[in-house]
Structure formats: C-alpha cells, structure tokens
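Annotated in TrEMBL:
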| type | residues | note |
| --- | --- | --- |
| DOMAIN | 24-452 | domain 'Major facilitator superfamily (MFS) profile' |
| TRANSMEM | 21-39 | transmembrane segment |
| TRANSMEM | 59-79 | transmembrane segment |
| TRANSMEM | 91-108 | transmembrane segment |
| TRANSMEM | 114-136 | transmembrane segment |
| TRANSMEM | 180-200 | transmembrane segment |
| TRANSMEM | 249-268 | transmembrane segment |
| TRANSMEM | 288-307 | transmembrane segment |
| TRANSMEM | 335-354 | transmembrane segment |
| TRANSMEM | 366-388 | transmembrane segment |
| TRANSMEM | 408-424 | transmembrane segment |
| TRANSMEM | 430-450 | transmembrane segment |
C-alpha cells in the first residue's frame, strides 16, 4: 500500500492503495505483454532466410517483414494514447493484445509473402499501442519513489528485447520451421492475453466514469462527448507534430536518437553479411552476435541507475539546500548522460570498423557491440528524462514525437543495410555509420553550453526562476507609515 494517494479517487478505489503484491503482479503482466510485441521485429530476422527461400522471393522483399512491422509501430502509440484517455487503459490493453495475437498467428499461417507482410504490419500497428500506456499505468499505481525498479525493468525490455530478438530465432531456425517460430510469438502473446483480460482498470478518469455509471450520476464538466473526443485526438496527434517542427532541441535530439536506434536495424542486415564474408558464418551463427549489444543494454541500465541517477539526485539536493528551496536543478543536468552515451556509440562503431578483418579473430569485432548497446540504452534513459525536465507540460508529446520518428527510421533502415554494405564495402560502410554517430557528442555539448538560451527562446521549455529580493521588510515599513 502506497503512503501517497492519487489525490483523485477515494481511498477504496485508488490503485495506489491496492496491496503491494497486486500492484506488482499487474506491472509484471504489462511487462510481459510488452516483451513479445517488442521482440517481434528482430525475432523475424532469424527466420528471414527461411521465409525468403520458402516463398522464393528477394532479400529486399523478405526484409520488409521487419520494416513494415516498425512502420505500423510508428502510428500505434499515437492511436493508443488518445484511446486510453477516452475509454481507459484496460480496453486498449485488451484490444492491443488480441490484435497482436491474431495478426501474429495470421503471419505464421500465411500462404503468400504478401499476406505475411500485411499481417506483420497490422501486428505492429495494433500491438505497439501498449508502448503509450505502460508509463501511465505505473504512474496510476506507484509513487515516483516506488517506480525506480520498474523503470529499470521496463527499460531492459524496451531496449533489450529488440536487441536480443535475433538470438533465439537464429539458434532455432536451423532445425525448426519458420511457421513454428512465428507461431511461438503468437502463443506467447496469447498466454499473456488471457492475463491481460483479467487486469483491472487503473486510470483515474475511467474509474470515476465507471463509478458514476454504477451510481447513475453524470460526470462533472461542461464539455460534450464530441468536444472531449476532438480535444483528445487533436492533442495526441497535432501537439507532437508542432513540438517536432518548432523546437530545435527536439529536432536535433530526435534525429540523433532515431539514427542510433535505427543503427540496430542496419546491423540486423549488415552483421550476417559481414560475418559471412569475413568469417564464413551462416546467418544463424551471425544472429548470435547480438548477445554483445544486449549485454551492453544491461550494462547501460546498471550505469544509469547506479551512477548517473544517484549523481543527479545528489546535485539536485545540493541545489535545493543551497537555495533554501527557491531554485530547482536545470534540465541541462541530464545532459552528461546524453554526452557520455554519444561517445560510446561511435567508439563501438569505430572499433567494429577497424577490427572486422579476416586476420583478426571474430571475437574482437563481436565485442564492439557492447559499447554500442550501452550507448543506445543510456541515450534513451538520459534523453527521455531530459525531455521530462525540459518540457514539464509537453513531455508526453515530445516523447511521442521522438518515438514516432524513431520507429519510422527503423522501418526504413533494415532495407538499406545490405545495399549500403554491398555498394560501399564493409570498411567504408561501417566507417560512414561511425562518423554519423559522432554527431551526438557536439550536439550534447552545444545543448549543455547554450541550453539556457535555447530554453529562453521556447514557448514550452522550462525557464529558470529569477531570484526575487526579499521585500517583506519594506512592505511592513510601508504599512506602518500608512
């Protein structure tokens, strides 16, 4: 039971007052719902060669199974967020899980490559709605002080699931038919779907509406249902676009984050080609290489929560003490994590560029994935927390814009990975990616140095509080004179 109520619902209906065991179980069910949805795009890559041979299609067409899934995931969260505001989180969770299982099963049973690709796109579109809900569910049930372990767990699955996805499918694809492996994702989702159907509603407004309906009372408020619906949809769809177009900080950081995240999907196609050409590895063997960036994801979570986060909180406490509670820590205090992560990714890519040679043992270029994975995780954690501090009233829209662009880029990148390495060659293509990944470091430094000026020019960014001199004595003197 939480010591801090939600301040919206009465004690007996407040999700924060449920037993600790019940709240943990609900959070773990949501975690397990996200896992198959998030692992599905890269899990496909392990069976891609089988699918290509089975349908006698080209590598480009087979690769679309990854890209179209990510394209659907570009729009799913933008649709899921307003639906949850209108109807509550539980119906959206149920709809997303049912849709994901149905179209994942459809992909496994597809008789043509066209139907398989369509099912993949729809599974990504419907299933990805859960990505816009989990943060709200955690906020419904836990106070900020209680959320720390869950933030770490959800970060691991959100970043680690697509990274580790090729490993199990690559291991099994040598002996198991692709239909069974695709069916495994559908079966996994179906098991979680049964549990999701049993979940209670946690969103405060939805609970209030249900209670009012049970008591046959009208909800307070002057807006009509049509006005409410239009307001929710316009806020969910238009605000992220406005923030993305008008905020330079959002534009540059989103572009870099999208590239770093999309890098995983370029490597998804590049690794099999590189390790086959240099070390005669099969696609199944090359899929195991992704264990290295997954270990980097885990290390990134540990570094953030064991080092960067405690340092930030200590700095925050020091500023509050020194100012007597009058000043808050600047959003730029989150940027050291962004800068550090923007060093790790190019280090890993340059490492891969110059170590991937036939005369160098394969383990050396494989280990280059560790700093790349660390950089991906640290960037997401640090950048999203920077957004939350920078845009207190618009952070959800900024994160939605970032996620949409990131997923769109990851829809395109799988299809350009193999052509890029074929055209430029292994060394030059890897060097190009390494050089592009260097852009993040100067971007972070510029934001650290000039962030205050950029915030001052923004309509929505948090502004520094100007110290106001204490005038209480003067006011007392004036009152006495009068």
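Cβ coordinates come from backbone N, Cα and C, glycine included.
Long-range neighbours of the transmembrane segment (91-108) within the same chain, counting only residues 6 or more positions beyond its ends whose Cβ lies under 8 Å from a Cβ of the stretch, are 30, 33, 36-37, 40, 76, 80, 83-84, 115-116, 119-120, 122-123, 126-130, 133, 179-180, 182-183, 185-186, 189-190, 192-193, 196-197, 199. Per-residue confidence over the domain 'Major facilitator superfamily (MFS) profile' (24-452) averages 90 (mean pLDDT, predicted model).
The transmembrane segment (335-354) shares more Cβ pairs under 8 Å with 366-388 than with any other stretch in the list 21-39, 114-136, 366-388, 408-424. At the 8 Å Cβ threshold, with sequence separation of at least 6, the transmembrane segment (59-79) lacks contact with the transmembrane segment (288-307), having fewer than 3 such pairs. Residues 15, 26, 29-30, 32-33, 35-37, 39-40, 43-44, 46-47, 90, 93-94, 97-98, 100-101, 104-105, 107-109, 127, 169, 172-173 of the same chain lie 6+ residues outside the transmembrane segment (180-200) yet bring a C-beta within less than 8 angstroms of a C-beta in it.
Here the transmembrane segment (21-39) has long-range neighbours at 15, 93, 96-97, 100, 104, 127-128, 130-131, 133-134, 137-138, 141-142, 150, 153-154, 157-158, 161-162, 164-165, 185, 188-189, 192, 195-196, 199-200, 202, meaning same-chain residues at least 6 beyond its ends whose C-beta is under 8 angstroms from one of its own. Proximity of distant same-chain residues to the transmembrane segment (366-388), defined by a Cβ-Cβ separation under 8 Å and at least 6 residues beyond the stretch ends, is recorded for 155, 158-160, 163, 250, 253, 257, 260-261, 263-264, 267, 289-290, 292-297, 299-301, 303-304, 308, 331, 334-338, 340-345, 347-349, 351-352, 355, 395, 398-399, 402, 440.
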